[in-house]
Amino acid sequence: MEEKRQRLVISLSALCLAVAVMSGALLPPRASAAGGVGRKRRWAGFDYYVLALQWPGTVCRQTSHCCSSNGCCRSHPLKFFTIHGLWPQYSYGGWPSCCRPTTFDGNKISRLKTILEEYWPSLYCGSFSTCFGGKRPFWVHEWETHGTCGYPEIQDEYDYFSTALYLYSKYNVTKALKKAHIYPRGGRKYLVGHIVSAIEFSFGAMPSIVCKNGSVQELRLCFHKDYQPRDCLVEGENSVRRNHCPRYVTLPSYKPHAFGNSTEGISNQVNVEHQSYQ
């Protein structure tokens, strides 16, 4: 009964995201911001995007304390990849960050909040360092660090978060892996190459993969500036990097942590976006 209830929760969540796409809350990235779909802006300050997706089973195993903002502490476990961020990148490696002084305007994403809480939760307690001083919530950190560098394709907070959600919905990694019979089942191991091949088969481009302690921690999809998939290759390399991944990896499940006393502490907080493609 509990398993059926959890499947229903996941199905309803997926339906809400699909409805948001169809109703216009999540529209395809606007052509006016990108100068026309398919057209490259050579003078812009980055070359392509990375959509970084994290596997909650791997991240949540590191949680030692719970708080209201931690997605690992929900009553039902997260059984799908969640968004870490949408990151402008350079083709030769590296990325721009903290590109424009800005004050985060939460009102611009108010109608996305419910969807963001479901598919782009923070999996940590506490606050994150921001570009211009102080500590703020996860979404503010991602916007200031990465979203401000997407101009002119991404012009404001709504552009940034809705674009990431649209790509996440259109290129559904969890569904692509299930089609290839790759499921999060306890300690079951899968060839890293099979995971990469399943994504490449579904979307026509190779992802990048990050592991921790033998488990998949992140899958990263790469996109041209016209939002079409591209291989996650750094210029001058001919193979996608598989950071810290052994030949066989797991997609672990986890039990939700009981939310008791609210605390801001967490052990081994990981800022994965600051890892290089090594």
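Yeah, the Cβs are placed from backbone N, Cα and C, and that goes for glycine too.
Whatever TrEMBL says is automated annotation, not expert-curated.
These features come from TrEMBL:
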type: SIGNAL; residues: 1-33; note: signal peptide
type: ACT_SITE; residues: His84; note: active site
type: ACT_SITE; residues: Glu142; note: active site
type: ACT_SITE; residues: His146; note: active site
What is the Cβ neighbour count of Glu142 (active site) at a 10 Å cut-off, with all protein chains included?
23
Determine, to the nearest whole angstrom, how far the Cα atom of His146 (active site) is from the Cα atom of His84 (active site).
11
Cα separation, Glu142 (active site) to His84 (active site) (Å, whole number):
8
